[in-house]
Structure formats: C-alpha cells, structure tokens
Amino acid sequence: MSKGVQLDFGLGDAELPPMTYIPGFLDQARQDALWAEAGRYPFESPSIRVYGKWHPIPRQQVWFADPGCDYVYSSLLVKALPWPPLAARLRAKLERELGFVSNGVLVNRYRSGEDAMGFHSDDEPELVPGSDIASITLGASREFVLKDKLTGRRLSLVLNSGDLLLMHHPMQQHWQHGLPRCKGVGERLNFTFRLLTPGFHGTAIHGTASGSAERPAKLTGKIDR
Ligand SMILES: O=C(O)CCC(=O)C(=O)O
C-alpha cells in the first residue's frame, strides 16, 4: 500500500488544495510496460474552435472507458474506446490499493515541452458529483500548476515519471490546474482516471457498439486546454 507525501507549499492546511501526492506509485517495470502499450494507443489531436477559428489542441489524447461512458471534454464528444490491458490493470491497482473507483481514463500525450494544457477544472457534468480524479505521470517531468479561483494565487509541483496525484473533491470547485509549456523536455504521458455517470450522453450502457474508433464529433470550443 503506497503512502501519500505531505506537500509543503508553506501554507496552512486550510489553504491547501485537497490532494494526495504519492511519488513513485508505479515501479520502473510497470512504467516501461505501460509506456510500450501506449505506443499503440490511437491518439488524436482534435480541433476545437476558439473565437471562430479551428485549432488542434496542443497535445494528443485518447479516452478509454466502460460502455456508455462517453465524455464531452474540451467541448468535444469523445466516444469510449475499450480498455487496453495494462491501463485496465492500473485502474484495478488504484481500486485495490487505494479504494479509488473509476470507469474511464483520459490519456494525454505531450509530444515535447511545446505541448501543454491550459488552466481548467475537471468539472464536467457527467463526472459523478463528489468523485476524485487520479493522475499518473510517465516520461518527462513537468511542472503542474494550481490556481486558486478566488484569489488567483498559484502553487506548483513537479510531477515525475511514476508519480500519482489524487485530486480530491472539492478541489475542482476551488482550484484550476494546468501544465505550462516547458522548453527542451521530452515526451510525457498522463493518465487521468475518472468516474462518470454511465449513459449521461444517452449512449448505450450494454452491448458492444460503444467502443468504436469513430472520430470525435467537432463541437464549438471556447477554451484552449
Ligand atoms: O497532464 C497533466 O498532468 C494534467 C492533465 C489534466 O489536467 C487533465 O487531463 O485534465
């Protein structure tokens, strides 16, 4: 059973975002195997519309989830693809060791330090209210920045390969997070495990049709994240 590390931003407990940080949650062998599996994931950089113009998001992503767990993310409807074996095994490890239950994982691929994610909160309506998010890093170390929605105050920590960050409810209500560009770094993968309300977007919960390789529908996007 892994233990969380106390993050010290020089603040009192009451001012800290509710998070648990577990460095080295994945050992090197697991990291290597997952990295190799991810080499076969069908990553895409869907385009979103910002102020009337279409732009590919500055990273690649793929969404694996249980049937019926389609996700509107960055204003795009993303169909649930079936779980690859090692991503499913990692989901089971989180549940077994930490009691963390999820039914989908968004895998973000940052091809270099030029890829990034803007400030946002994971507060989509299909996420089960009160649920937590588990984020696992592979590859290059990157700065993960948090911004207090009320005061604008920023905190940051460096996420290294194999680290786990649990973002507990109600962090998404009060804080935004993002991954700024960072010159000269290599590829990084991030697995964020989430719990969705199955069937939220009216898709079938039973049957096999949901794991299609259909391209995500393009909807109007207001944010670049
Ligand atoms: O790559 C990361 O560490 C952040 C990912 C993230 O913020 C998200 O998937 O919502």
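Here the Cβ of each residue, glycine as well, is placed from N, Cα and C on the backbone.
Within 10 Å of the C-beta of Val72 (substrate binding site) there are 16 other C-beta atoms, taking all protein chains into account. The substrate binding site annotation in TrEMBL covers Tyr71, Val72, Tyr73, Asp123.
Taken from TrEMBL, the feature domain 'Fe2OG dioxygenase' covers 101-197. Helix, strand and coil content of the domain 'Fe2OG dioxygenase' (101-197), in residues and according to DSSP, is 4 helix, 49 strand, 44 coil.
TrEMBL lists Asn108, Tyr110, His120, His177, Arg188, Thr192, Arg194 with the feature 2-oxoglutarate binding site. The Cβ of Tyr110 (2-oxoglutarate binding site) lies under 8 Å from the Cβ of Arg59, Ala116, Ala140, Arg142, Leu179, Glu187, Arg188, Leu189, Asn190, each of which sits 6+ residues away along the same chain.
Checked against ligand 1, the binding-site residues Val72, Tyr73, Asp123, Arg194 give no residue with a Cβ less than 6 Å away from one of its atoms. Its own atom aside, the Cβ of Arg188 (2-oxoglutarate binding site) has 24 Cβ atoms within 10 angstroms in the protein chains shown. Here Tyr71 (substrate binding site) is compared against the binding-site residues Asn108, His177, Arg194, and the shortest C-alpha distance is to Arg194.
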